[in-house]
């Protein structure tokens, strides 16, 4: 028997596709988590696309029967503050919930956690779209839906990153996770196209359709996902093939989540072992995780980098409409904004590939490589932001090329930090393999970044009445602060030497005490 932790659909999937190959199982987890977070991001995109439909150029006293003049209460002169408030509360709740989400994900079955989160996230998306069909114009309703959405959406990131860490080792981590992280941009593109298709005629469907897709994805996760290799016991423990994990010669241990390497590419049964080895790996506490080297510094870096990225995510379609007033529709603006996300895909892959460490690199050198790559991209982003704002025209070739390059340099560091860097820090030498930390560290870093993601769109809503030049000044300032932080990490990592962490003795005591 496969055991109670095996999902209901797995016995059918295994003989048809997965068989007894570890690499097939790992690849399936990669593809499934890619799909999951693609759907998460697609469900976040509609509000940025339909905001041009929710407000109107000419204000009307009663718009219940005429969708062309806006939608109460967003058909007022303070529409940007109202929509900005919805975006801000969502991202603020998301950031706070992220830390709790990572703490919980470290301690329960990830299959249940992720599937349940996707189901609830889909329902909140559908609830926002119901306002169109039910004629709801109460701002408090939209506010409450956004709060619930922030809580449920926070379930995704710690879960999918931990799943990748459970199944994939350190070999070419930056490149593999750079490719995998394309789900962010693919999701934004999918969400833009779906929401753009419905925006002008039926904006409720722009929210409902991505919500339904998210629910279906959650059902697939619940029925087929194996959250870690140790679940596959007949009755022994399955192990990792050598080509999926390349040990660091200067590191004494790999991730505590990752099994040891076998001598073949097939799932192998080892002799039955006691579960004490697994259970003694305690989930790390929040305070201990914050004290690990570079966790706080990278969290601050992501705060500023994500501020810029999410401002583009939420406000770019509206900006493109403003640049060419009367000539660019909401659907066309959504399609043009895809270029920023395409640039983000390329940037994430390049950042991961170029920063991948050598076999002989220590943890400190790996961190230095990652930070140096962030510094290069952030230094290029500053002049590109200035050029794009100065030469912006929705249809010009120069503007479109600059938009692609902005996506590459802005989203490259963001993608690198939330994937490869989080995995590096969650499996670093300071842990000595004696604690589970990947979900917690991922949640801390991305949660801090999400505070910046909340602040950016909120400030944009306040600054828009003063002109878009003020918005771009904010973006430039944030980019320079992110660059300063990354340069600090570069200098600190270059000077530092590997020293025993305060956590070593603490974890050793926790592990060995009776």
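Counting starts with 1 at the first residue shown.
Glycine is treated like the rest: Cβ placed from N, Cα and C.
Please treat TrEMBL annotations as automatic predictions, because they have not gone through curation.
Listed in TrEMBL:
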| type | residues | note |
| --- | --- | --- |
| COMPBIAS | 246-255 | compositional bias 'Polar residues' |
| DOMAIN | 29-494 | domain 'Major facilitator superfamily (MFS) profile' |
| REGION | 243-270 | region 'Disordered' |
| TRANSMEM | 26-43 | transmembrane segment |
| TRANSMEM | 88-105 | transmembrane segment |
| TRANSMEM | 112-133 | transmembrane segment |
| TRANSMEM | 139-163 | transmembrane segment |
| TRANSMEM | 175-199 | transmembrane segment |
| TRANSMEM | 205-225 | transmembrane segment |
| TRANSMEM | 295-316 | transmembrane segment |
| TRANSMEM | 336-355 | transmembrane segment |
| TRANSMEM | 367-388 | transmembrane segment |
| TRANSMEM | 400-425 | transmembrane segment |
| TRANSMEM | 437-460 | transmembrane segment |
| TRANSMEM | 466-491 | transmembrane segment |
Considering the transmembrane segment (295-316), which listed stretch of 88-105, 112-133, 139-163, 466-491 counts the most C-beta pairs under 8 Å:
466-491
With a Cβ cut-off under 8 Å, give me the same-chain residues at least six positions beyond the ends of the transmembrane segment (112-133) that come close to it.
36, 39-40, 43, 46-47, 71, 101, 104-105, 141-142, 145-146, 148-149, 152-156, 159-160, 163, 202-208, 210-215, 217-219, 221-222, 225
Against the transmembrane segment (88-105), which of these stretches has the most C-beta pairs under 8 Å: 26-43, 400-425, 437-460, 466-491?
437-460
Top Cβ-contact partner of the transmembrane segment (139-163) among 26-43, 205-225, 336-355, 437-460 (pairs under 8 Å):
437-460
